[in-house]
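Novice: According to TrEMBL:
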DOMAIN    B:5-114  domain 'CMP/dCMP-type deaminase'
BINDING   B:H56, B:C86, B:C89  Zn(2+) binding site
ACT_SITE  B:E58  active site, proton donor
Number of protein chains: 2
Amino acid sequence: MIEPFDDVHFMKKALQEAEAAFEKGEIPVGAIIVIDNKIIARGHNLTETLTDVTAHAEMQTITAAANFLGGKYLKNCTLYVTLEPCQMCAGALYWSQISNIVYGARDEERGCINLKTKLHPKTHIKGGVLEDEASALLKRFFIEKRNLN
Amino acid sequence: MIEPFDDVHFMKKALQEAEAAFEKGEIPVGAIIVIDNKIIARGHNLTETLTDVTAHAEMQTITAAANFLGGKYLKNCTLYVTLEPCQMCAGALYWSQISNIVYGARDEERGCINLKTKLHPKTHIKGGVLEDEASALLKRFFIEKRNLN
């Protein structure tokens with residue numbers, strides 16, 4: 001069966017956002033939000049550019065998707081994000097009541113799974129989609145950053 | 001000893017922000033951020049007005065304080081907030097490395113303490129400052145809201 005709009009398709013779009021962050025010297029994390037196979041929000045990490053710890057990719061896409069929908073709840077929406085959400089972003093996703101979270105790479109230290117951030121009972125979460133690509137981009141960023149300092 | 005700039009003084013300013021939220025029909029939570037006894041950011045809950053679950057009082061003051069300071073870390077800063085921060089806001093405060101969090105009322109169900117959100121090791125947190133006033137304002141809001149529906 002051909003599935004043109006599967007998780008890999010959408011995670012590639014989130015990876016494009018992560019690459020845009022990389023080009024700006026930002027830790028490369030990207031996100032998109034999808035409803036009915038349509039992308040309604042895109043964002044990438046802008047914490048350095050905006051001098052703002054709250055400017056994670058997920059936070060921006062949550063705000064943008066709510067703006068698009070005209071309502072603050074993201075029911076029937078799926079967030080695709082290249083890195084497992086942190087406590088802040090998972091906390092925002094809790095409030096949004098989003099239906100699905102799909103992430104790429106695990107974040108063992110600062111991710112919401114090991115830190116046990118509470119998600120909304122209606123939210124499903126799964127990881128590992130294009131994990132290698134997402135991890136490789138993050139590793140390349142930190143290697144280049146180390147070599148510059 | 002006269003302490004004109006004690007916790008009660010600053011929490012009263014946060015309560016003024018909570019009252020501003022109340023007047024807008026928002027769940028009444030207010031926050032300020034202080035450095036060297038100077039208020040550098042004020043904010044109140046605007047989730048309904050902005051149709052955005054991320055528009056909590058704390059999130060706005062974190063962004064505003066970083067903007068004022070020209071740096072994203074809130075070292076030597078104190079957040080005064082009328083209600084115990086949620087997971088999202090505590091997660092943002094973790095990233096900010098803020099020195100102190102002072103809250104008014106407890107949030108047993110959705111607050112960061114019972115949900116065990118990780119704070120930065122450099123962050124001190126204490127609660128109960130003008131707790132009765134903060135709680136009374138929240139109770140009044142929910143009673144009025146119930147009577148309107």
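Yeah, the Cβs are placed from backbone N, Cα and C, and that goes for glycine too.
What TrEMBL says about a protein is an automatic prediction, not a curated fact.
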Novice: Among the binding-site residues B:C86, B:C89, which residue has the largest number of other Cβ atoms within 10 Å of its own Cβ?
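Specialist: Sorting the candidates by Cβ neighbours within 10 Å, the top entry is B:C89.
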Novice: Using Cα coordinates, what distance in whole Å links B:E58 (active site, proton donor) and B:C86 (Zn(2+) binding site)?
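Specialist: If we compare the Cα positions of B:E58 (active site, proton donor) and B:C86 (Zn(2+) binding site), the gap is 9 Å.
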Novice: With a CB cutoff of 8 A to chain A, go through the recorded positions B:E58, B:C86, B:C89 and name the hits, or write none.
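Specialist: Filtering B:E58, B:C86, B:C89 for a Cβ under 8 Å from chain A leaves B:C86, B:C89.
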Novice: Can you check what DSSP calls B:H56 (Zn(2+) binding site), collapsed to helix, strand or coil?
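Specialist: The three-state answer is coil.
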Novice: Name, in the order they occur in the sequence, the residues of the same chain whose CB lies under 8 A from the CB of B:H56 (Zn(2+) binding site) and which sit 6 or more residues away.
Specialist: B:V29, B:N45, B:T47, B:C86, B:M88, B:C89
Novice: Limited to the domain 'CMP/dCMP-type deaminase' (B:5-114), I'd like the whole-number average of pLDDT.
Specialist: 98
Novice: Kindly assign B:C86 (Zn(2+) binding site) to one of the three DSSP-derived states: helix, strand or coil.
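Specialist: For B:C86 (Zn(2+) binding site) - judged by DSSP and reduced to three states - the answer is strand.
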Novice: What count of other C-beta atoms do you get within 10 angstroms of the C-beta of the residue listed as 'active site, proton donor', across all chains shown?
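Specialist: Around the residue listed as 'active site, proton donor', other Cβ atoms within 10 Å: 29.
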